[in-house]
Amino acid sequence: MLKCIPLWRCNRHVESVDKRHCSLQAVPEEIYRYSRSLEELLLDANQLRELPKPFFRLLNLRKLGLSDNEIQRLPPEVANFMQLVELDVSRNDIPEIPESIKFCKALEIADFSGNPLSRLPDGFTQLRSLAHLALNDVSLQALPGDVGNLANLVTLELRENLLKSLPASLSFLVKLEQLDLGGNDLEVLPDTLGALPNLRELWLDRNQLSALPPELGNLRRLVCLDVSENRLEELPAELGGLVLLTDLLLSQNLLRRLPDGIGQLKQLSILKVDQNRLCEVTEAIGDCENLSELILTENLLMALPRSLGKLTKLTNLNVDRNHLEALPPEIGGCVALSVLSLRDNRLAVLPPELAHTTELHVLDVAGNRLQSLPFALTHLNLKALWLAENQAQPMLRFQTEDDARTGEKVLTCYLLPQQPPPSLEDAGQQGSLSETWSDAPPSRVSVIQFLEAPIGDEDAEEAAAEKRGLQRRATPHPSELKVMKRSIEGRRSEACPCQPDSGSPLPAEEEKRLSAESGLSEDSRPSASTVSEAEPEGPSAEAQGGSQQEATTAGGEEDAEEDYQEPTVHFAEDALLPGDDREIEEGQPEAPWTLPGGRQRLIRKDTPHYKKHFKISKLPQPEAVVALLQGMQPDGEGPVAPGGWHNGPHAPWAPRAQKEEEEEEEGSPQEEEEEEEEENRAEEEEASTEEEDKEGAVVSAPSVKGVSFDQANNLLIEPARIEEEELTLTILRQTGGLGISIAGGKGSTPYKGDDEGIFISRVSEEGPAARAGVRVGDKLLEVNGVALQGAEHHEAVEALRGAGTAVQMRVWRERMVEPENAVTITPLRPEDDYSPRERRGGGLRLPLLPPESPGPLRQRHVACLARSERGLGFSIAGGKGSTPYRAGDAGIFVSRIAEGGAAHRAGTLQVGDRVLSINGVDVTEARHDHAVSLLTAASPTIALLLEREAGGPLPPSPLPHSSPPTAAVATTSITTATPGVPGLPSLAPSLLAAALEGPYPVEEIRLPRAGGPLGLSIVGGSDHSSHPFGVQEPGVFISKVLPRGLAARSGLRVGDRILAVNGQDVRDATHQEAVSALLRPCLELSLLVRRDPAPPGLRELCIQKAPGERLGISIRGGARGHAGNPRDPTDEGIFISKVSPTGAAGRDGRLRVGLRLLEVNQQSLLGLTHGEAVQLLRSVGDTLTVLVCDGFEASTDAALEVSPGVIANPFAAGIGHRNSLESISSIDRELSPEGPGKEKELPGQTLHWGPEATEAAGRGLQPLKLDYRALAAVPSAGSVQRVPSGAAGGKMAESPCSPSGQQPPSPPSPDELPANVKQAYRAFAAVPTSHPPEDAPAQPPTPGPAASPEQLSFRERQKYFELEVRVPQAEGPPKRVSLVGADDLRKMQEEEARKLQQKRAQMLREAAEAGAEARLALDGETLGEEEQEDEQPPWASPSPTSRQSPASPPPLGGGAPVRTAKAERRHQERLRVQSPEPPAPERALSPAELRALEAEKRALWRAARMKSLEQDALRAQMVLSRSQEGRGTRGPLERLAEAPSPAPTPSPTPVEDLGPQTSTSPGRLPLSGKKFDYRAFAALPSSRPVYDIQSPDFAEELRSLEPSPSPGPQEEDGEVALVLLGRPSPGAVGPEDVALCSSRRPVRPGRRGLGPVPS
């Protein structure tokens, strides 16, 4: 956006003006100045009332925004905007659109929403370019009948109008994608609506539709359909035709069922059918495999379909306010479910399979009839569990109990069983409640009525339905409550409870009383109970019924007293009826006893007020403390029975033996507990009574205050006391600071309690403060004489910063002092002899065994947790001043571990662990809030010392705060994995079994973490390959161990499999999880490792490089690239793909092709990409220490490769080949590709040339500078078509210098090269060549041991510049890329043949005259020799004894050389005729090798023909130049001939005096200091067409080119030709050569050699 500011001499060329939200009341005048250039004008959100005349002179406007103004009229001059594309006049007061709008022919986007329009002008439909039209909320009553003329409409918005019908022409809008008709009065849709082929969104909400046309199913591209808030009673079956539908909104209709065709909507993601009348959901819903959100709220569903379990992508299921009675067990199949809402249904039980929905975070079951929750829900990571509407917190604390009906373990809490709110069906029961209260004492009104007239018995239910149960009861007086309570207790002893669903109907009076008492529905199941054998049998059901009637019809005050109870929280709906023969204490939590006649409900009392009853500070005698700590309840009903569970501040309940319970009942003075004024007397009586009941339980109770009782061990322990000491510490500051953090200060958040002092909140482990003895929690009193008591935080910071180098600080430290008195051991009762917290799992399965002795063995563990953004991820319970976690134990315990939190990920904590110290602060006898403050301190890491009951001996782990471990000595606890050894660490059962049953020994290694590195690296994980370790059994392995690191000193080795880290199972962990487990801060790292055998062939080799010597290897593979192992595509290792015999590796002889590289100079190669491995290998010095192991066998695995390799052409390779080109690299920075027969190389593998310049390896050759900037301009030839293979591969040649003596695979033959090599040829034709010395004897070509790239001709180097050879296509001719049409080619051939005949005689005459001079320019080899050498590759005959390669057989009987596919076929036919039995090949070649041979052979054919063309061109040009200039003049060609430039020869001739290492390659001469610059070469002008570089057959047909009529271009051609071919040897050409040359075809003047074509 451009804000135009009218400055002086401002630029008048303004295209956009934005004046939105500027409170303009008129169009600014400066806008008119830009009428010639203004294209975009935005005046939205102003106060414009009219548009003046000059406004419509802005003829170039393309976008006009006038929304949110007060414009009352749109003038007809709007037709002036003939270039207007976008018009927005929404939210104005425009009453009509002018007819002249039709002249805005360019209008594409128009928005008229929010105007008081009632109709559209007749010419509006002439806006044929209109694509987006918005007419929302314009009071439109009908659409124009010809609206179909707007054929380009893509979006049509007609929301909030008065439309009652749609025109039939709407179906002509074939481009329409979005149609919004919501908020209209449509009653029926036209059938033609289904003829919109491109419609994607259809909005029909808030209309009056009663049915949808079946033609709607033809909208195959429809994505969103909204028909909510209509009157639909059914959906058409054709709805299943909407195959792309993702959103289907059917809310607020009258649907009773969904069609079965809905299962065809495979893409459906959101289905909303809330507020309908659904009685069932079709089973076909399970076929909607992509459904993620299903809303079925407020329907009449009784059950859900079983196919719901197929919806594996379902995340949100809402079935609130239905009539569900049960959930199908298949709901556990919804593994992605995260929110399940079942509020206000009739559910009595939840299926345990619900625990399979592992992603479930929110479960809402409020308003149901649940008795309990399945215990399996503890496996879920629930964030919210709603059991009631008025629930205060999203998560509750649960107890476990056994279901009396099924015997299964269930969860319960104070909100279970549920008490659903009264509904219409309960109104009849609640209506007559006033009858029960009508006989209240006359002095008080029991029920406050809201109706004037009294209600009779006959219409009580009807009146109650009208009132909806709205009554208010009078609050009883406390004195009345006491009388009522006694009456209720007396009546309970007269009758046994009756189960409502036992078969006998309850009397009406009893139903009313039950509803008044509990408000629970009649079909809820009772909670779990425990059977008491000694309980007397109750009466039968009939007797129960009679007693109930008697009890409920008793009149007067007794009824009123009975109906009122002290506020209780009910756990079941079975009310305790009068007639129970047991007296129920008020404060005693009752275990649900099962009687023969019915079930006793569990009553849970309200939590007492914190001021009532037992207070330790007000106890009159110390014996009461002993009794209290021994297990007394706050209400004093008796000790906690073993097996009871605490629920926060609430009292536990547990089944007890009948005798014990009777004893407690006899001596419990319950009546006195209600009165506050009798509190002290009640406490004394309670304590004395309990002492009498527990005779023999406590032998001697010490009369000392503050004793504690350990019920687990039955010990009376004198508590430790906290002493405070003042210390003076001196810290020597270092460059990194003091290594402490402080918290608190006056005016800041207190660090501990209400103390506003300065505290140490964090101490670095290796910092100066830690070495001086500073601890977390120390209170800072003084720093270098500056008092900090009462100081603010910033003052303390400044004091520490300005303290200088030596900091002397005075701190105040709290420490626990153990008592001197011995522990008093009390005899155990038999029923108390087991751990009361065994079943407190909370969803984590702990391998805890019941102790065999009264005092179980305890094991201490160290856990170090790093605080995450969500905290530490665990909760603690217990401590002084809090409810004990274990009865009689004031210690602090881990009570809950949040799944996915820091503690859960660490795996070192377990529920039930006792916390002994936090960050070195002893908390064994600390208060709960003190421990919380230590855990919530600002320290990022928390070190915990834990104590855990274990069955085995204690491991030798030192305490972290006693003596810090040194880094030099590693504590290692080794346990051999033999069955029956008790010394294995405490592990999960599955991990323990794996450690015991494995074939290899398992050891536990402990590494003290002193702040330094561990000295090891790992590889593998469930998401990473671990090659070469664990190929058959993946896992996490140690891939590197530093020689003198902590891991090496502890005995860890490369190849060890890590099973667990600090108790956390990492066998199936991802790589990142394993790394996080190892890096997690802790005081000691415990590793459980398995000694897996080392990879086969693991050894370390040391190779010394001579000064300037190359390493001489190439590598392949690497992470995130092409696999280097042909046997395993997932193997990301680094392998040796080539070993050059001239390098240090070849001289050493121990490295071979196929070995896997693990480390180079102590640097691991595991997990490195190909490029990183190359850089690492290139950076080594003269000494190479490499760790290798066996990889693959080059000879056997070569045939497994699908692709024969990568022929890297850095110029023609596209983005798609980047990975493959980077997967093979030479390690030597200056290494060039060498002769294919001179290296040990994997077949089909070639080197990828980097941008480095090549260097000559032979003696006498100067390095050549290769400038690829000019070559990179050569256009790519596109895809490569492979030529079908026609010949078998040759025999493998024996390398004379192979150190291992093995036969390397044969190199690629010419058949392997791609068919269109002109790009690589053109790019490489300019490489200068060298010629061997003239005195070199001619001998059959035998490849030397090594040759540098400069010693090779361009034919031999072509394969390094080819594209990747791909799989051949099926049985088709090779694709030919022709740059010249067939007609033009035929004409050129005819023309050149005619000119050739005319010039032949003249050239024969001139050839003899130019013979002497031509000898100076051409080499001395005859054309026949050239052809014979051209037809055979340099490596085709490696030795005189080896047979010729069948790729290029010699001509028979002096026939023509084989240079084309046709010639080869003819030659093979002759061979078959002469020798009917074909020779059997010595080795069957793989298809890859055959393709390589075929491609390379054809490339050599083409190169030979190209070379002969060049020589012909040179000779012909020289002859023509001589003939035209005459003898007396020296032409430019003769002058150029004197310049030193090599001439090509087709095959190599080894030179004896240069040695085998430096034999020159074919056709090259030493260049004395001559560097070839391709930039100068690419700048040479060229007009020669490129049709001479074609596919083989086409190049064979191209025979002659037209001669030159003028000498100028010939001279220029001569220059280029000599630059290309080099300087010829003097006297190298005889007259016979000239005659042979003249018999061939001349060259056209425009031809300039075969160098790269300048772009």
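Every residue gets a Cβ built from N, Cα and C, even glycine.
Swiss-Prot lists 479-494, 829-841, 1227-1242, 1353-1365, 1383-1395, 1461-1472, 1524-1537 with the feature compositional bias 'Basic and acidic residues'. Taken from Swiss-Prot, the feature compositional bias 'Low complexity' covers 537-555 (among others). What Swiss-Prot records for 556-565, 660-694, 1422-1432 is compositional bias 'Acidic residues'. Residues or ranges marked as compositional bias 'Pro residues' in Swiss-Prot: 1302-1311. Marked as domain 'PDZ 4' by Swiss-Prot on the basis of sequence analysis: 1100-1194. Annotation source Swiss-Prot lists repeat 'LRR 4' at 106-127. Sequence annotations record features per position, and here Swiss-Prot assigns repeat 'LRR 8' to 198-219.
With DSSP states grouped into helix (H, G, I), strand (E, B) and coil, the compositional bias 'Basic and acidic residues' (1383-1395) comes out at 13 helix, 0 strand, 0 coil.
Residues belonging to the domain 'PDZ 4' (1100-1194) score a mean pLDDT of 86 in the model.
Taking H, G and I as helix, E and B as strand and the rest as coil, DSSP gives the repeat 'LRR 4' (106-127) the counts 5 helix, 3 strand, 14 coil. Residue counts for the domain 'PDZ 4' (1100-1194) under DSSP, helix first, then strand, then coil, are 15 helix, 32 strand, 48 coil. Counting residue by residue with DSSP, the repeat 'LRR 8' (198-219) contains 5 helix, 3 strand, 14 coil.
Helix first, then strand, then coil: DSSP counts for the compositional bias 'Basic and acidic residues' (1461-1472) stand at 12 helix, 0 strand, 0 coil.
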